Amino acid sequence: MRILVVEDDALVADAICRGLGEAGFAVDHVGSAERAEAALGSENFDLAIVDIGLPGADGLSLVRRLRSVGQGLPVLILTARDGLVDRVNALDLGADDYLVKPFELPELAARSRALIRRMRSAVSAQLTVGGLAIDLAGRVARIDGEALDLTRREWSILECLALQAGHVVAKERLLQAIASWDEEISHNAIEVYVSRLRAKLGAAASIRTVRGLGYRLDDAAH
Amino acid sequence: MTPHTEHATSVRRRLLSLLLAPLALLLGTGILIDYISASKPIPIAYDQALVNSALAVAAHVQVDEAGHISAVLSPGAEAVLRSDRYDTIYYLVIDPRGEFVAGDRGLPVASSATRNPSYLDAVFRGDPIRVASYRTQTSAGPVTVSVAETRHKRDHGRRRVLASLFATDLVQLAGTLLLVWIGVRYGLRPLTALRDQIAARSARDLAALDVAPVPLEVRPLVHALNRLFETVREAADAQQQFLANAAHQLRTPLGGIMAQLDLLARDPAAAAVRERVLALREGSRRAAHTANRLLALARAEPSALVAGDIRSVDLRALVADAVAAQLDRALAAHIDLGVEAEVVRVPASDWLLRELLANLVDNALTYTPIGGRITLRCGNEGDGAFLEVEDDGPGIPPAERARVLERFYRAPGAPGNGCGLGLAIVDEIARLHGAHLVIAGGAEGRGTRIRLRFPRVV
């Protein structure tokens, strides 16, 4: 998994490169939007981490240019500004996620992994969450190569959670995901399906309950 | 914009007093002149009638051969002379030496040497009278014939003239004043419309006023106001821009230091100094935390809202995001972080409320012991909405509740190493939104419940 880091601050850039390197990513670093464009034009990356405040053209205009030329790789924006306008701008322009400085390196690594995972699942229909391998096209979930025996509703819930792995998925959303098979499903029913799923996943991945909101699928190690 | 303008200069009052006082004076003078000029012909006509009567009496004056003067009116003639509907008529004939010849004895005589006939106002038998005297030449010398009448007719006539003049002039006066009052009122209508336009604005609305309906005379004022709005807006924008830059300049190096220390703490080569590196990392984390809070506090100044991003905000979505953002921290501490929320929208600044919630949840996580429970709530309450964070930590003693809102204040014995700005930020943001902040104890007498009540929903 190869990441391009576009950051002009040497201290931050160095920390990101080392941190992501330790987390198992291949990392390249450039200090300006112009050099980033050149790099992305000539080589393949799985993710770009772009700081908004760059010398010359800023990070937002870089994202805009990438999207306008049809460059579809996921972009994670780094920003030191916490105003909503910047966030909305970044996401509107086509960035996939953002992180406000100062950030924790493990969080950056986790977000990067999630973005790359989402991108790959869109391309290959394959998802990996912890020890769980999910084949979206074949509608099969495997642990250590062993296919799990899931009902259709359990599969729908797992699919929904896996596509948003690391993010809280609202209970209503899960209800909608299985509603096509059933008209009257209560919130309690969701809880039943989730507890069955938990038993089947074992230690490979964990489904956290967020009281009053929904569920979150995590790597078991998380 | 207070409607209380008793002592202020009022254009309407000025116009009315400048117009009405001179107008009233003018109309009053007009009435006086009318009265004088209208009442003048009346005495002249009546005096002429008196003189005619005197001439008629004079025709009866006779002088015999002995030079004896007499004036004998036949009963019929005297009856005609004295017949009058309103007044009593007197007459007197005196000879050149002033001796009585005929008529009413003692009647005052107008004895002007130069005028003939001459007139006199006098009192006779207790009544005011008007006397006309006429000297007629006879062979025995000038005989003076005086005819007098009481003043009833004259007074009555004058009163009638006066009354009719007053009636018409008063109608005219009232009509004029009414027209002036209506005119001033309607003439000032564009001004009151402008006043209403300004009064209807929110205090934070710095959009330019519409100049089109404003009268030419007031346009310079409105232009000046618009320039002022523009200046305030620019200043607010500049301040927010400055803060954004300051945030960038502070957070980037802090982020670099924190990340480098993170790496160093894991680096086997630095194992010997690991404790010191961890202390450094904790210090830099605290500095970053305080910098974040200070920036948030500065950004929560009223200028943030002047720079303007009030919109309809769904509290439930904010609550969900706030929980999702801090879920890892809660999971690590085995804290049950949950939500009891219904969809409710308030007019607010989205990111300021996010900042507020982040601070409340951060506080709750800091002070709630392992295995505790934190619940975020929002919903409708009366005409407004509420937003609440409750934990079952140690709670804030009632005596401390007001003080914890002060900047940099930390309750004695508070665990962790917060900077004492979190609740100050919450308080500031609540104020900006006109929300009422209450710090109370949690349910079952434990923990803390911080509740905001928003006056309005969208």
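Placed from the backbone N, Cα and C atoms, the Cβ positions cover glycine too.
Remember, predicted model here, so these are calculated numbers, not experimental data.
According to TrEMBL, the features are:
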type	residues	note
DOMAIN	A:2-116	domain 'Response regulatory'
MOD_RES	A:Asp51	4-aspartylphosphate
DOMAIN	A:124-219	domain 'OmpR/PhoB-type'
DNA_BIND	A:124-219	DNA-binding region
Query = What count of other C-beta atoms do you get within 10 angstroms of the C-beta of A:Asp51 (4-aspartylphosphate), across all chains shown?
reply = 26
Inquiry  = Need the DSSP three-state call for A:Asp51 (4-aspartylphosphate) to compare against my parser.
reply    = strand
Key: Structural state census, the domain 'Response regulatory' (A:2-116) (DSSP three-state)   = 54 helix, 24 strand, 37 coil
Ask   = According to DSSP, how is the DNA-binding region (A:124-219) divided among helix, strand and coil residues?
value = 37 helix, 29 strand, 30 coil
